[in-house]
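*Asks:* What TrEMBL shows for this protein is this:
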- Asp21, Phe22, Asn23, Arg36, His59, Cys60, Gly61, Arg62, Arg118, Arg157: substrate binding site (BINDING)
- Arg36, Arg118, Arg157: (2R)-3-phosphoglycerate binding site (BINDING)
- Lys208, Glu329, Gly355, Gly356, Asp357, Ser358: ATP binding site (BINDING)
Amino acid sequence: MNKLTIKDLDVQGKRVLMRVDFNVPVKDGVVGDDTRITAALPSINYVLENGGSLVLMSHCGRPKGEKNMEFTLKPAADRLAELVSAKVTLAPDVIGPEVKALVEALPAGEILVLENVRFYKEEEGKGCTAEEQDAFAKELASFGDVYVSDAFGTAHRAHASMAVVTKYIDQCAAGFLLSKEIEYLGKALEAPVKPFVAIIGGAKISGKIDVVTNFLDKCDAILIGGGMAYTFYKAQGKAIGGSLVEDDKVELAGQILQQAEAKGVKLMLPVDNMVADAFSADANTKVVGDSIEDGWMALDIGPKTIELYCNEVASAKTVVWNGPMGCFEMKPFAAGTFSVCEAVAKSDSISIIGGGDSVAAVNLSGVADQMSHVSTGGGASLEFMEGKQLPGIVALTDK
Ligand SMILES: Nc1ncnc2c1ncn2[C@@H]1O[C@H](COP(=O)(O)OP(=O)(O)O)[C@@H](O)[C@H]1O
Ligand SMILES: O=C(OP(=O)(O)O)[C@H](O)COP(=O)(O)O
């Protein structure tokens, strides 16, 4: 990588403004899976051990520019405090005089975590002018002498704390995690060993459906599961009941199906589904085929699909997996995700898993150590593997 890295910086006596991705699953105010926090520890500890202080920035969830405390970074800051020996303080806000005072009083060896940067619409730059976004980024930049990004999971977002703040700080470097991810993903996808199977699921349809198009030219098979599947069903004219769908992606899904056929790529959709009459672990459930009646929603792939997908994975030599096969957080809808997870672990393939929730699922299933690479980025790793330039990397200082 031709970008400055954290090792190129002299952090002694400096305030390091570091963007991390602490967008972690939280339940009842407690972090469920701390992979993204532990993954940033090498960079965090490096700064502290080398005489710097740290101002950490992250988002959590999608609060859409509102200060909604449902999305506070407190659980992440609390978990970080358990993982480092340094004092960790959570600022009451992202910017403003109170935060500025905390930053200025921050001694070397301590960490200040700013509140969720997405509490401000300027972070994503939606619903504000470019000037307003610049002013927000400039204020963030004033909190650091140097900037480090270790937020690989957010590197595909051209947001203020990722790609605008960098205009106002001279030295902007990649942290250890960001550097490691780029190196691994770059090497693995340079010439993937075939058969190359991609498994795409989850709920972020608009963020991930484009990658399916790109994988048509690279993969031998693409297995679609999770909430992604029903936009494809709709494109095929199938009934989807109350299942997740993004209506403005139905047309694209239809085009992808046609392209897959023309290119001879095996694009597989669930042949059966676990459906529920409510989005709840206590809902009534049943297994149905590929048509979902009104009053029911598909929350997991069904047993026949599990078998088909696991067989496909068993013969793969490279597997890229992003997005769970169902709502694995609820026990009745976890079988698809965990079965596919075990199949990937057992397979004799180079396996790359990405995405906050997918990684949480892999950790829960206890087979994380059998995967070749567990990436902290879902959308980011997909876009990187597509060959796209990630704004959060482009913005860093050239060497
Ligand atoms: N059939 C489904 N309907 C609704 N949500 C689903 C379905 N399958 C999976 N999900 C949800 O998708 C979420 C993860 O999606 P996403 O953010 O795209 O994945 P990742 O974080 O791995 O990138 C999980 O919280 C899971 O509950
Ligand atoms: O969790 C993330 O992405 P992922 O679910 O694709 O891994 C990142 O924190 C980016 O979050 P965003 O997709 O709300 O911009």
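Each residue, glycine too, has its Cβ placed from N, Cα and C.
Keep in mind that TrEMBL annotations are predicted by a computer and have not been checked by a curator.
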*Asks:* Quick one: of Arg36, Lys208, which of the binding-site residues has the smallest count of other CB atoms within 10 A?
*Replies:* Lys208
*Asks:* Taking only the Cα atoms, work out how far Arg36 ((2R)-3-phosphoglycerate binding site) lies from Asp21 (substrate binding site), in Å, as a whole number.
*Replies:* 7
*Asks:* Arg36, Gly61, Arg118, Glu329, Ser358: which of these binding-site residues put a Cβ within less than 6 Å of any ligand 2 atom?
*Replies:* none
*Asks:* Any idea what the Cα distance is from Gly356 (ATP binding site) over to His59 (substrate binding site), rounded to a whole Å?
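*Replies:* Cα of Gly356 (ATP binding site) to Cα of His59 (substrate binding site) measures 13 Å after rounding.
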*Asks:* Anything from the binding-site residues Arg36, His59, Gly61, Arg118, Arg157, Asp357 with its Cβ under 6 A from ligand 1? List those in sequence order.
*Replies:* Asp357
*Asks:* Indicate the candidate from Asp21, Glu329, Asp357 with the smallest number of other Cβ atoms within 10 Å of its Cβ, considering only these binding-site residues.
*Replies:* Glu329
*Asks:* What is the interatomic distance between the Cα atoms of Asn23 (substrate binding site) and Asp357 (ATP binding site), given in whole Å?
*Replies:* 10
*Asks:* Please report the distance from the Cα of Gly355 (ATP binding site) to the Cα of Gly61 (substrate binding site), rounded to the nearest angstrom.
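*Replies:* Between the Cα atoms of Gly355 (ATP binding site) and Gly61 (substrate binding site), the distance comes to 13 Å.
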*Asks:* At a 10 A cut-off on CB-CB distances, which of the binding-site residues Gly61, Gly355, Gly356 has the highest count?
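*Replies:* For the binding-site residues Gly61, Gly355, Gly356, the Cβ with the most other Cβ atoms within 10 Å is Gly355.
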*Asks:* My understanding is the cutoff is Cβ-Cβ under 8 Å with a sequence separation of 6 or more in the same chain; which residues meet that for Ser358 (ATP binding site)?
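*Replies:* Gly201, Gly202, Trp321, Asn322, Gly323, Pro324, Gly378 - these are the non-local Cβ neighbours of Ser358 (ATP binding site), listed in sequence order.
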*Asks:* I'd like the number of other C-beta atoms within 10 A of the C-beta of Asn23 (substrate binding site), please.
*Replies:* 22
*Asks:* Measure from the CA atom of Arg157 ((2R)-3-phosphoglycerate binding site) to the CA atom of Glu329 (ATP binding site) and give the result in Å, rounded to a whole number.
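*Replies:* Roughly 26 Å, rounded to the nearest whole number.
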*Asks:* Neighbour count, 10 Å Cβ-Cβ cut-off, for His59 (substrate binding site): what number do you get?
*Replies:* 27
*Asks:* In sequence order, which same-chain residues at least six apart have a C-beta under 8 angstroms from Arg157 ((2R)-3-phosphoglycerate binding site)?
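*Replies:* In sequence order, Glu124, Ala163, Pro391, Gly392 meet the Cβ cut-off.
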*Asks:* Do me a favour and check the Cα-Cα span between Arg118 (substrate binding site) and Lys208 (ATP binding site); whole Å is fine.
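*Replies:* So the Cα of Lys208 (ATP binding site) lies 21 Å away from that of Arg118 (substrate binding site).
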